[in-house]
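Chemist: So TrEMBL lists these for the protein:
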REGION    1-29  region 'Disordered'
COMPBIAS  17-28  compositional bias 'Low complexity'
REGION    45-65  region 'Disordered'
TRANSMEM  162-184  transmembrane segment
TRANSMEM  244-263  transmembrane segment
TRANSMEM  342-362  transmembrane segment
TRANSMEM  387-407  transmembrane segment
TRANSMEM  419-442  transmembrane segment
DOMAIN    468-578  domain 'TMC'
TRANSMEM  534-559  transmembrane segment
TRANSMEM  582-606  transmembrane segment
TRANSMEM  639-665  transmembrane segment
Amino acid sequence: MEAGPTWEPEAWGSSGGWPAPRGARAGPSLSSVLNELPSAATLRYRGPGVLPWGASGEEEEDGESNVQAMAEAAQKELGEPIPSRELPWPMQARRTHRQSHARDKVAQGSGSRVAQWALWLRRSKEKTQERLHTLQPWAWTLKRIGGQFGAGTESYFSLLRFLLLLNVLASVLKACMTLLPTWLEGTPPGPPGPDTSSPCGFYNPDPQGLVTFPTHLFSLLSGVGFLEWSPLFYGFYPPRQHLAVTYLCSVFVIGLLHLVLILHRSVSGLKQTLLAESGVLTSYSHRVFSAWDFGLRGDVHVRLRHRIILYELQVELEEAVVRRQAAVRTLSQQAKVWSVRVLLNLLVIALLGAAFYGVYWATGATVKLQETPLVQQMPLVKLGVDYLPSIFISGVNFLLPPVFKLIAPLEGYTRSRQIVFILLRTVFLRLASLLVLLFSLWNQITCGGNAEAEECKTCGYKYKELPCWETRLGQEMYKLLIFDLLTGLAVMLLIQFPRKLLCGLCPGPLGRTVGTQEFQVPDEVLGLIYAQTVVWVGSFFCPLLPMLNTVKFLLLFYFKKFTLFSTCSPASRTFRAATVNFFFPLVLLLGLTISAVPVLYSIFLIPPSKLCGPFRGQSSIWAKIPESISSLPRITQNFLFFLGTQAFAVPLLLISSILMVYTLVLANSYGRLISELKRQIEMEVVGGGPASG
């Protein structure tokens, strides 16, 4: 659901967008006469894709109307271009239309080949943007979800689609920069033999003897056995010059690309959030007089738009009640509210502390239990011990968010603010739990950061227990991804569907109380962000993890969609879409930042394993980059090393600071100007205008 109208200049060009009214032509037809009627001016309110009077077109009930075909039909009947001021379009669209036609006239009149090419490129860009917009997957599905279940539920599926795009891009880059170089330089060597030894011990991931089917199944779930020496994990890749560089560069390229895309999504959501919070688009007059789309075609679209406006009004009314109650509180009531908030936040901190200690204990207990003979003799028990940290993290993430949901209404905030606090606490729980797990693993790998310890002194890491520590980290992230998928399927099959069946078998208040389910947007969204953060952390140690996550998110979309329409009812209390459209990418950006810390620490500070991986034999993983730069020409070397010096960093920092200060000052001046104009409008209204003065 769109939170408000957003004008895109590209949508108003000559190659698409709203159909222009037809000018006078030789031999007036019925359609040209009808276009002279005053009602033709209502095209500006009907939305893109509405045909003028007299144009043919059948109504589509399934919601997939071909906007582009209708626009082209209108453009074919377009005669001589009329002045932009006579077009029934908004002012910004007229300005864009006037500039576009001015450029076209200049290009056509100049006769220059460069101008003709510029005109052709611009029109090609407009057509490409239109086609890319029509290729968005599941657009009609998201519209149905927004109309039937509200903006919050639609924002979850929109975020899921965005994350699926990120994982597809990461999978393509990993395949091109990691898998292809591995086989282009020759077949990768096999695993080291049991007799291969070095000062850092030996490493033998290849299982010996006959392997039974249950062992294969347990290996598939835990990432050991036949999967440990496969393209799935870091240790498989051989120490080749070009492969090592592309392997490391793929991590930075994917991280930078994801950062740019998330920032772009956050900025677009920020515009809607600022407008929504300012009250410009949330007034009741806007909802009543300007929210309807006169270009809707079909009863399905009309019903969906009815529900969307209903949800918007419901959100505004709920939040207005809370704001009125907060405005009339006395000083004693304010003190009581803040006392309750402080006590509830202390309770939240205590719960989070207990959860983090439990994750740390589970990680340490896993290593001790794996060494016991009883666990090693029983494959099923060993699988449970391997998954102990994942089970504990999933259990904490399953139990504490409902507690946060019970606490939030007691604090006296609006519904949108409650959603924000629930999200903040839940994301802190999930991401901090992941950080605690990584800290526990770091403590095991580096002997608690003590390089002089007896077990780490020889190789810089605990080589006896972890001969290939990168693969071990990749296995932990792999198990978190698999267990998260299995947990989601188990919740759907064992909790949600039985509750729906119980609702049908037990009519009356009991069935409605037990069987009624709502789609919990905060929990579901934080589950997506947690899963994506796991992939960002593990993609360096498990290169094929983005591909697995792509399949997981694709399955998750259809499972959640089926669950939503078959077992869930519309939310009794909704929240504003603009807020979550900005907040969700912001939390996703936080997850990307947190995931960068352990990856960069591993690249720069922890010595790589001596017996596996493309960086074996190096003092650090990053040391391969300066070694590769040294083989380049002298001029290129000097330029690249200059980029890492203070002579480049200090001026760049100064220029960035000046631009940031200029932007802030400009924004403040615009804000003061807008506030002054608002005060003048209020004074005119109160004073009765110039005529009464």
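Here the Cβ of each residue, glycine as well, is placed from N, Cα and C on the backbone.
Tell me about the setting of these features in this model.
Modeler: For the transmembrane segment (162-184), the list of distant contacts is 231, 237-238, 240, 242-243, 246-247, 249-250, 253-254, 257-258, 261, 265, 528, 532, 535, 539, 543-544, 546-547, 549-550, 553-554, 557, 588: same-chain residues at least six beyond its ends, Cβ to Cβ under 8 Å.
Same-chain residues lying 6+ beyond the ends of the transmembrane segment (342-362) with a Cβ under 8 Å from its Cβ atoms: 388-389, 391-393, 396, 400, 403-404, 407, 410-411, 425, 428-429, 432-433, 436-437, 439-440.
Residues of the same chain lying 6 or more positions beyond the ends of the transmembrane segment (419-442) and with a Cβ under 8 Å from any Cβ of it are 152, 348, 352, 355-356, 359-360, 363-364, 389, 393, 396-397, 400-401, 404-405, 408, 411, 413, 449, 472-473, 476, 480, 521-523, 525-527, 529-530, 533-534, 537, 575, 579-580, 583, 587, 590-591, 594, 597-598, 601, 606.
When DSSP labels each residue, the domain 'TMC' (468-578) comes out as 87 helix, 2 strand, 22 coil, counted as helix, strand and coil in that order.
Residues 138, 157, 160-161, 163-164, 167-168, 170-171, 174-175, 178-179, 223, 231-234, 237, 247, 250-251, 254-255, 258, 434, 438, 470-471, 473-478, 480-481, 484-485, 488-489, 492, 528, 591-592, 595-596, 598-599, 602-603 of the same chain lie 6+ residues outside the transmembrane segment (534-559) yet bring a C-beta within less than 8 angstroms of a C-beta in it.
Using a Cβ-Cβ cut-off under 8 Å and counting only residues 6 or more beyond its ends in the same chain, the transmembrane segment (639-665) has close neighbours at 629, 632.
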Chemist: Could you give the residue numbers and ranges of same-chain residues that sit at least 6 residues beyond the transmembrane segment (582-606) on either side and whose C-beta is under 8 angstroms from one of its C-beta atoms?
Modeler: 155, 159, 163, 248, 251, 255, 258-259, 262-263, 265-266, 269-270, 272-273, 420, 423, 427, 431, 434-435, 438, 442, 445-446, 460-461, 469-470, 473, 525-526, 529-530, 532-533, 536-537, 540-541, 620-622
Chemist: Counting only residues 6+ away from its ends, which parts of the chain sit with a Cβ under 8 Å from the transmembrane segment (244-263)?
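Modeler: Here the qualifying positions are 162, 165-166, 169-170, 173-174, 177-178, 181, 237, 536, 539-540, 543, 546, 585, 588-589, 592, 596, 599, 603, 614-615, 621-622, 624-625, 628.
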